[in-house]
Every structure is written in C-alpha cells, then in structure tokens.
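In TrEMBL this protein carries:
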type: REGION; residues: 1-76; note: region 'Disordered'
type: COMPBIAS; residues: 53-62; note: compositional bias 'Low complexity'
type: COMPBIAS; residues: 63-73; note: compositional bias 'Gly residues'
type: DOMAIN; residues: 130-307; note: domain 'FAD-binding PCMH-type'
type: BINDING; residues: P162, Y163, A164, G165, G166, T167, S168, E291, G292, A293, F294, G295, I296, I297; note: FAD binding site
type: SITE; residues: R342; note: site 'Important for enzyme activity'
type: BINDING; residues: R411; note: substrate binding site
type: ACT_SITE; residues: Y470; note: active site, proton donor/acceptor
Amino acid sequence: MTESDLPVANLTPGRWGNPAQSVELPAAARDALKHLGVRRPTPPAEAGEESGHPGAEPAPEAGGAGSAVGAGGARSAAAGGAGLGVTAGQLEFLSSVVGSQHVALEWEARWGHTRGYSTTDLLRFRAGDTDDVPDAVVYPGTHDEVQAILAGAAEHDLAVVPYAGGTSVVGGLAPTRRFITLDLRRLDQLEELDEISRTATLQAGVRGPVAEALLAERGYTLGHFPQSYEGASIGGYAAARSSGQSSAGYGRFDQMVVALTIATPRGTIQLGRAPMSAAGPDLRQLILGSEGAFGIITSVVVRIRPRPTERHFEGWRFDDFDSGLTAVRRLAQDGPLPTVLRLSDEVETAVNLADPDVLGGGSGGVLAIIGFDGPYNQATADVLTASGGTNLGEGPGETWRLGRYRAPYLRDPLLDEGALVETLETATFWSRVPALKAAVTQALVDALSTTPPLVLCHISHVYETGASLYFTVICAQTDDPITQWRTAKAAANKAIAEAGATISHHHGIGTDHRAAYTAEIGPLALEALHAVKQTLDPHNVMNPGILLPEIQRLS
Ligand SMILES: Cc1cc2nc3c(=O)[nH]c(=O)nc-3n(C[C@H](O)[C@H](O)[C@H](O)COP(=O)(O)OP(=O)(O)OC[C@H]3O[C@@H](n4cnc5c(N)ncnc54)[C@H](O)[C@@H]3O)c2cc1C
C-alpha cells in the first residue's frame, strides 16, 4: 500500500481519523496508564448540544456538510426561521455569489466546521462547547467566487475563515470574532501538469490523498506526507507551512511551492513567474504561512517528482539519543540523506515499541527509522554504522511505515480512558538541540508535577543547520484538563523562548501561538506584518486574531 491508495478521511467533529477505522487501545497500554494514575473520567456531556452561544439556532433534524452542499441548503434553513447566525442581507449576498445551494446554515454543517483537532479542541467538543461555531458555511467553486466574497465581505460585515482540511492544531479556525467559514473543498482540481518543468497546478481544496492519486495517474508524486495526510489539504499545507514525514527527501511544503494565486479583499495577486527570481523580495514567502490573515490561496503550482518504483524502510539502533543525534546530524550536513529520517528518544522508543527485543535483548537504546523512495543507498547506511548505529533490518521500518498514520487515532481512546495526551513541536540549531530538549522536558514535568507525565521526543525534520523537536506528553487528566494542558503548554512555550528556539516548526501559529509568535518576531516586524494586513485586508475581515493580534479596522 502506498499513500495514493489511502482514502480521504471524512473526519467527524471532535474525533480524529476515518471513523470506519477507529482503533482500540491495546490492553498493555491500559495497564501502563494505571501507573500514570489515569482513571476513567465521568461520562462527557453529549457533544453537539446547544449551549446558548449567541449565534446558535436550535439544532435542525438533519443536514450536515454533505447535504448542505446539495440542493436547498440555504433555502431550507432560512425557511426554518429565527435565530440564524447570518442576516437576511448577508445570506442574500452569499447566495448571489455561490448559489443558495452552496450556503449551509444547518447546525450539523456549522458544528462540523468548528475549531480543529488539537487536544484542547477535542476536549471542548466533548464538553459540548459551542463557542467558535461559524454562522454559516459557504462552499465557493471557483477562484472568482472566493474573490467576490472577500471583496464584498466588509460591506456585508462578514469576517471570513478559510477552511481547507480543518486539521489545524493551533486554533487556526477559531478567530476572535463571529465569522463565516469558506470551505474550499469544491476547489478540488488538478488544473495543469507540466511534465517538462515537472510542476503541477493544484487547487487549494484538493486533499492530500486526492492530490497523490491524481498525480499517480500520470506517474508523479508530490511526496508530502504529514501525519494528518488523510484529512489535510493543499491550501492548508501552504497556509500553515506544513512539513511531511518525508521532508528529508522532498523538503517542506513551502519548498515545493513555485507559484501561487491568492484572493484578498483588495483583489487577486499571482506570484511566481520563475522557479527563482532576483526581482525583489520573494513575496511567495510572505503568503506561505500567512494562515488566511491576508487572503485565501486558491491554487498553488508545486514541484513534482516521478513516482518511485521501489521503497525501502528500515530500523536502526543507537545506544542513546545523543549518539543517534550525532548520526542524523552527520547525514543532514554531509549526506547522503534518505527520504525519511527519524530518531526517537529513549522514552518514545520504549513507549512505541511493543516488543523491546526489537532493539536487541532488552538492552535499551533508541530507535531510528530511515526510508528511501527509490533505491536503497548503502552510503547512508555506512554513515549510520560509522556513527555507532546497528542495522535492525526492514521489520521495524515496515512497522513504522504501515502504522505512520495510525498513531493519532490512539489519542481519542486515550482521552476516553482519562489520559491527557498532546503534542508540541519547535526547531533550533544543532548546537542548541540538547539544551532545548532538556529545558522543554523539564518545563512539562514541572508544570504537570501533580500528574507526573511521560514526555516523549523525536526528531523527524532535519536541515544542515538544525532540526525540529517533536514532543508528545501523556499523563492523567485532572478535573479540568483544558486548564491543565494550557498551563503545561505555557511552561513549554516559555522554555522554548528562553532557549532561543521557534514557537513552531510546522504546526503554525493560529490563535494558540499568537502571543509567543509576536514576542518571537518583535514589535517592528509585527508592525510590518500589520502594514501588509492593512493593505490587503483594510477592514480586517480575514481570520481576525489568527496569526496576528487584531488591529483597528478602517471604517
Ligand atoms: C493528527 C494530526 C497530525 C498532524 N501532523 C502534521 C504533520 O505531520 N505535519 C504538519 O505540518 N502538520 C501536521 N498537523 C497540522 C495540520 O494538519 C497542518 O497544519 C495542515 O497544514 C493543515 O491543513 P488543513 O488543510 O487541514 O488546513 P486547515 O486546518 O483547514 O487550515 C489551517 C489554517 O490555514 C487557513 N487556511 C486554510 N486554507 C487556506 C487557504 N487556502 N488560504 C489561506 N488560508 C487558509 C485556515 O483558516 C487556518 O488558519 C497535524 C494535525 C493533526 C490533527
């Protein structure tokens, strides 16, 4: 099975993954949770029930995103009457642009576009928290429709949140004002494939597996495989500077983008006339990572590569994280890099390996995974051997490859059992990696001292000058797990800032990281970004409070 065979997961609100493939927690994991003091919480409130949010109408009988896109969405809800989140004038405007059948006001569609998939988001779903529910969900079908909505948004007093796959884990879909959601799923085309230049023009709503399948038909791959691959979309990858598990071989998503089109409230901008250019600053980089604050990316031109005819994955053992770190740094700096390069620390190795004998007679150590899209490269293996690594063969590599999208499925059953489980990530230069890892781990342990946590860490994105660190935290939930996590996350953010690292390597900023981001870039850089926002979005209709703190709106 390869990525182009995987189906798109139709995510349900508040629970990760393809509902048809939910996973059970292994019995051994349940036992392990007892050692962390994890106890099953009292049954959660029925998610999706109304809780008096000012814009919420009584839940209608059926509907949902699927039926909303179908016939009669706006008409039927409008006929339903009182308490709609949008005014008649706003509804008339939206319907005039996209057609009333592409405006959904039903509760189920709006609830299904509420927030994203951070653990805090999931806990708020479980608590039935209806803050952040959009007033309407609109499904534009063309760039021009997106452009027309943004151009008229201020006049109709609408704040707009673009929604691609909905997998944000940083509060990127929860703005600071009431809003409508523009779901881009109808922008689902491979517009052009230039085999001579090896580029593909993909619309923003194409989901990861669909992009791979469309390219596979022509013998190509994008090579972008984040762990959210089953749900996330091209537009979201670009807007949040995503990085996939094969980044060592294919690069980050922002490195793949050669051109893009963005609709802003002031008009359309097209960037990228050539692969590289000395014509001033690279404005593509201003839009990549802008998380909808300046406008909506409607299509991107990405570099593509021939589909590999063979793939190899294998596991390697190192005595400890430090020796593994030296090995992956050597590969990152002097090569040859594999396509996938991943190093788990001692705790992550112990937690993830059901069979510790994989590492050789229970002697401890840490696990590294390397993968090649294409022929096996013995020179890579030679560097690992010279750095003290032991080749464990294909078994652990294949286990990782086959389970790579399943790990996030465990979060919901863990939450069901009463565990708090969440991830965070950062990046720094090689010389600072050990201190950063120690500082973040200590901050989490201290902040969660009443529910002692397991803190797992791995490296899976490497550069010549540094790497990202990805942490997973597991502990017992307190009675207020949302505050519990926010406190721990604040401590981790502080440790990241004090260590001179970045608040995010690939999850982005959203609302959760906004304060840390503004501190990271400083007041002058923030002012410059606000000036860009003021120019492209003078009435602040785009993603208010996401990425940037809100500024005063022009009247
Ligand atoms: C289980 C899980 C695993 C994950 N693993 C990874 C990983 O391995 N690597 C990684 O990089 N990320 C990962 N993420 C985070 C997330 O999947 C990425 O940030 C992804 O890029 C978001 O894409 P999306 O299509 O879901 O975007 P959305 O969540 O819909 O949107 C993200 C942000 O961008 C804005 N936006 C969306 N589309 C556009 C557009 N066309 N133009 C302008 N703004 C837009 C949204 O308003 C929002 O602020 C993971 C998330 C989960 C839940």
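Yeah, the Cβs are placed from backbone N, Cα and C, and that goes for glycine too.
Locations of recorded TrEMBL features on the structure.
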residue : record                               : DSSP class
P162    : FAD binding site                     : strand
S168    : FAD binding site                     : coil
G292    : FAD binding site                     : coil
R342    : site 'Important for enzyme activity' : strand
R411    : substrate binding site               : helix
Y470    : active site, proton donor/acceptor   : strand
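Close to ligand 1, meaning a Cβ under 6 Å from one of its atoms, are these of the recorded positions P162, I296, Y470: P162, I296. Across the fold, the C-alpha of I296 (FAD binding site) and the C-alpha of the residue listed as 'substrate binding site' stand 31 Å from each other. Neighbour count (other Cβ atoms within 10 Å of the Cβ, all protein chains): 25 for F294 (FAD binding site). Listed in sequence order, V161, P162, G172, A239, M542, N543, I546, L547 are the same-chain residues six or more apart from G292 (FAD binding site) with CB atoms under 8 A from its CB. Cα separation, R342 (site 'Important for enzyme activity') to G166 (FAD binding site), rounded: 26 Å. Residue with the densest Cβ environment among the binding-site residues P162, G166: P162, by other Cβ atoms within 10 Å. Long-range Cβ proximity for R411 (substrate binding site), meaning a same-chain Cβ under 8 A and a gap of 6 or more residues, is found for W16, T119, L122, V421.
Separation of the C-alpha atoms of the residue listed as 'active site, proton donor/acceptor' and S168 (FAD binding site): 16 Å, rounded to the nearest whole number.
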